[in-house]
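The active site, nucleophile annotation in Swiss-Prot covers SER123. The active site, charge relay system annotation in Swiss-Prot covers ASP187, HIS317, and the record cites similarity to another entry as its basis. The coiled coil annotation in Swiss-Prot covers 358-383 and rests on sequence analysis. Among the features that Swiss-Prot reports, N-acetylalanine is placed at ALA2.
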Amino acid sequence: MAFEALTGINGDLITRSWSASKQAYLTERYHKEEAGAVVIFAFQPSFSEKDFFDPDNKSSFGEIKLNRVQFPCMRKIGKGDVATVNEAFLKNLEAIIDPRTSFQASVEMAVRSRKQIVFTGHSSGGATAILATVWYLEKYFIRNPNVYLEPRCVTFGAPLVGDSIFSHALGREKWSRFFVNFVSRFDIVPRIMLARKASVEETLPHVLAQLDPRKSSVQESEQRITEFYTRVMRDTSTVANQAVCELTGSAEAFLETLSSFLELSPYRPAGTFVFSTEKRLVAVNNSDAILQMLFYTSQASDEQEWSLIPFRSIRDHHSYEELVQSMGKKLFNHLDGENSIESTLNDLGVSTRGRQYVQAALEEEKKRVENQKKIIQVIEQERFLKKLAWIEDEYKPKCQAHKNGYYDSFKVSNEENDFKANVKRAELAGVFDEVLGLMKKCQLPDEFEGDIDWIKLATRYRRLVEPLDIANYHRHLKNEDTGPYMKRGRPTRYIYAQRGYEHYILKPNGMIAEDVFWNKVNGLNLGLQLEEIQETLKNSGSECGSCFWAEVEELKGKPYEEVEVRVKTLEGMLGEWITDGEVDDKEIFLEGSTFRKWWITLPKNHKSHSPLRDYMMDEITDT
């Protein structure tokens with residue numbers, strides 16, 4: 001019951017998943033089983049070297065960036081970094097989801113029938129199952145989580161698939177809970193991707209043949225197996241040690257030197273890992289802790305055991321039948337750092353140092369949670385919301401009463417309220433920059449980046465305060481000294497806030513902000529090729545409503561003929577910005593606003609055909 005509560009899967013589903021995974025060995029690419037309200041898709045594993053490291057991929061670990069259009073959620077929202085996955089595994093998925101195959105139609109049928117879908121596989125078939133689950137989440141589930149059923153992914157001895165961004169994105173979207181990966185203690189396959197391709201390429205073909213359960217039994221005297229195991233674990237050790245040093249901020253000098261000239265594997269665990277021993281099952285859902293355990297659970301207690309482990313690492317890859325059959329007889333532990341982990345890790349053969357590193361990883365996650373709580377406290381203690389409310393409910397209305405709006409009032413800063421607004425602007429920036437620092441250092445839980453309450457607060461802050469930052473930038477003539485605000489002056493806090501909001505509103509449609517923006521621009525019929533328009537709008541403020549004033553400031557001093565495309569783009573975006581609350585129409589059309597004063601200087605022919613002509617009818621009539 002405890003296992004099901006943690007993972008969302010029961011013993012029967014695990015047994016059926018393993019059974020389907022065995023059947024997948026007999027199929028071309030995948031095997032489908034249907035029983036009651038569940039449909040299981042099991043993927044055939046491959047034990048060919050080219051299906052672990054794509055021959056055309058020249059990188060040290062066979063990795064490739066995911067396609068952002070196909071996998072829009074698999075990235076860090078703020079930084080914009082896209083997740084990396086193993087290219088060979090990705091190509092296998094692409095072949096399976098090709099519309100010419102039966103797979104997509106089978107998934108569509110299961111979706112329409114309102115059946116729960118389980119993706120599963122043994123060995124590299126598990127890698128395909130992981131990517132297929134992400135594909136399903138992006139293509140179906142994210143569009144309407146209240147309609148589409150939650151999928152499950154159950155793997156047995158699967159290799160690692162993606163990098164830390166892959167793991168982070170699953171955590172942010174709260175999808176990690178859908179992935180359960182069973183690992184026999186010494187199984188080498190979940191560790192292979194932590195090794196450099198150059199380290200194992202000579203021995204990999206032979207070892208993969210030994211890993212194939214359809215081939216002959218393991219040769220205990222085979223030197224190539226020992227060599228392969230030693231090289232994989234040597235690289236795994238380097239990765240694990242570097243990771244824990246980065247985690248705790250105690251980087252050892254030799255590791256810093258080593259990492260400067262030696263590439264380390266980008267692959268990291270994702271989801272829940274269930275380690276199995278003779279006595280117990282140990283579930284871990286902390287990626288950093290899992291990485292340490294992948295190394296420290298496979299170590300020997302003495303020299304005699306060490307000589308046997310390389311061959312045990314092959315046999316354990318064949319042991320999942322026994323694991324599944326004995327699950328009901330084993331103790332179950334969830335390694336979350338709350339309870340004593342000594343006995344649990346002892347049973348897994350983890351050394352004292354290993355226990356310290358696993359505990360350190362679990363403690364770091366606790367610190368991330370504490371940091372999130374502190375942010376909430378700071379927002380409350382610093383009267384964050386009251387400061388925003390003062391700008392919104394007092395400062396803005398008073399400025400608007402003077403017919404010039406709060407942007408222009410702040411830019412001039414002649415009144416006492418302008419000084420107060422500047423103080424509050426600086427205080428609010430301090431809070432946001434503190435949060436941003438924690439996000440950049442990965443010192444907040446993965447879920448924080450996608451937290452709806454935080455996104456809404458950051459959006460309110462960006463819309464309200466960024467115009468003041470733009471006004472301040474131009475008041476001090478930084479545009480002349482440093483360059484345009486959009487190119488040189490825009491604080492990262494606003495970029496992160498903008499991207500978080502865009503992800504939040506576009507996610508249900510499986511879209512990315514850049515494509516949406518350029519589709520809108522293309523629909524404005526500006527009379528140029530899209531490539532020319534993209535070059536013209538590079539570093540413009542038309543991609544974000546809170547940057548409206550930055551674009552106005554850049555346009556107002558230039559000849560119309562030089563900036564016609566930018567003017568029309570700004571006008572074309574403005575209506576939707578007003579509707580969405582990005583721009584305050586009560587502000588920008590005021591008699592004394594910088595925008596209105598600039599707009600009336602535009603050529604009469606332009607104004608007569610402008611989408612803003614209804615707002616500016618008196619100006620058109622006067623001119």
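Cβ atoms are placed via backbone N, Cα and C, with glycine included.
As the structure is a computational prediction, the values presented were derived from the model and not from experiment.
Positions of Swiss-Prot features highlighted on the structure.
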{"residue": "ALA2", "record": "N-acetylalanine", "Cβ contacts under 8 Å, 6 or more apart": "PHE332, HIS334"}
{"residue": "SER123", "record": "active site, nucleophile", "Cβ contacts under 8 Å, 6 or more apart": "PRO45, PHE47, PHE156, GLY157, ALA158, PRO159, VAL189, LEU211, HIS317"}
{"residue": "ASP187", "record": "active site, charge relay system", "Cβ contacts under 8 Å, 6 or more apart": "GLY157, SER313, ASP316, HIS317, SER319"}
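Per-residue pLDDT, averaged over the coiled coil (358-383), rounds to 92.
For HIS317 (active site, charge relay system), the count of additional Cβ atoms within 10 Å of its Cβ stands at 24 [all protein chains shown].
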